[in-house]
Amino acid sequence: MTRPIILTGDRPTGNLHLGHYVGSLKKRVLLQNEDKYDMFVFLADQQALTDHAKESEMIKDSIANVALDYLAVGLDPKKVTIFIQSQIPELAELTMYYMNLVSLARLERNPTVKTEISQKSFGESIPTGFLVYPISQAADITAFKANLVPVGNDQKPMIEQTREIVRSFNHTYKTDILIEPEGIFPENEAAGRLPGLDGNAKMSKSLGNGIYLSDDADTVHKKVMSMYTDPNHIRVEDPGQIEGNMVFHYLDIFGHKEEQEEIANMKKHYQKGGLGDVKTKRYLIDILERELAPIRKRRLEYAQNMDYVFDILKKGSEQASSKASETLDEVKKAMGINYF
Ligand code: TRP
């Protein structure tokens, strides 16, 4: 029996934060532990280069850091193949063939690419590699014949475009070797997007409003103490607002079932007046630390042994490469360019 294949990746452009954790990492570990899938997780360094061409040092550092984040949250290299995109040349080769099946207009219509272009102030100089990254993403997915791709909602257009490329390839070359993947998207809004400490809709590196899996306990403490609450809740006895108050928002997300009653009582107390922000924040710190402390501990342990971490990535990349090269052979055969 062949098992369904899951593949997903991240651009290594900085350490991973709590938003990544609730939005995707936790789910990956759950899927891994279901033991029903063949799973690939990879560092999309080539994709990161499409808009950070001059920052290859930063990408290199991020490879190490994101790999540590992966291992720290519990991705297990015995169960999941963890690899680095640039070490799989077959992916670039597949991209080359798929490029001929996609029009420039179609790329320019991709809504995520469109949004990113408007945010990144490329001006007139959009790198070609950036515009075609959805095609390279289709290569990432199809090289491993992935059936399922767990990603954020912003990646829906990439999955859609991959499906189109698969249909186009199979139709053009009268084959069925490429598999149309399905996306697995966050179940609800809360899981899809963790707001930043400052109340901004998104936790992000560029906004400087995140808690990182690599933050030490002191930093987490300071960051929570600076969280956005209710600016009109000045004295403890003032009535306070729950809506838009990041402390309560995070408590809803990170509190366990057994704590829900207590959190509901705290909300009532806060709204009535008499519950101070320092108290609610201390309570949140305990709840976050319950999750973060073991992750931090494992992260520090792995960080002591970076040779071992890179060895995991090397072995994973070798395995991934052999799988991708099987697909590439089939692709070339289907296209009739297997000359010898
Ligand atoms: N575009 C994804 C992101 O920014 C990263 C990525 C690259 C990816 N290739 C992929 C995700 C293939 C899933 C499958 O998060």
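Placement of Cβ uses the backbone N, Cα and C atoms for every residue, glycine included.
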Which single residue out of LEU30, LEU194 does TrEMBL record at the ATP site shared with ARG11, PRO12, THR13, GLY19, HIS20, GLY152, ASN153, ASP154, LYS202, MET203, SER204, LYS205, SER206?
LEU194
Within 10 Å of the Cβ of MET203 (ATP binding site), how many other Cβ atoms can you find? Include all protein chains, please.
23
Can you tell me which of these binding-site residues sit near ligand 1, meaning the Cβ is under 6 Å from at least one of its atoms: ARG11, ASP140, ASN153, LEU194, MET203, LYS205?
ARG11, ASP140
Including all protein chains displayed, how many Cβ atoms other than that of LYS205 (ATP binding site) lie within 10 Å of its Cβ?
14
Secondary structure tally of the motif ''HIGH' region' (12-20) (DSSP, helix then strand then coil):
3 helix, 1 strand, 5 coil
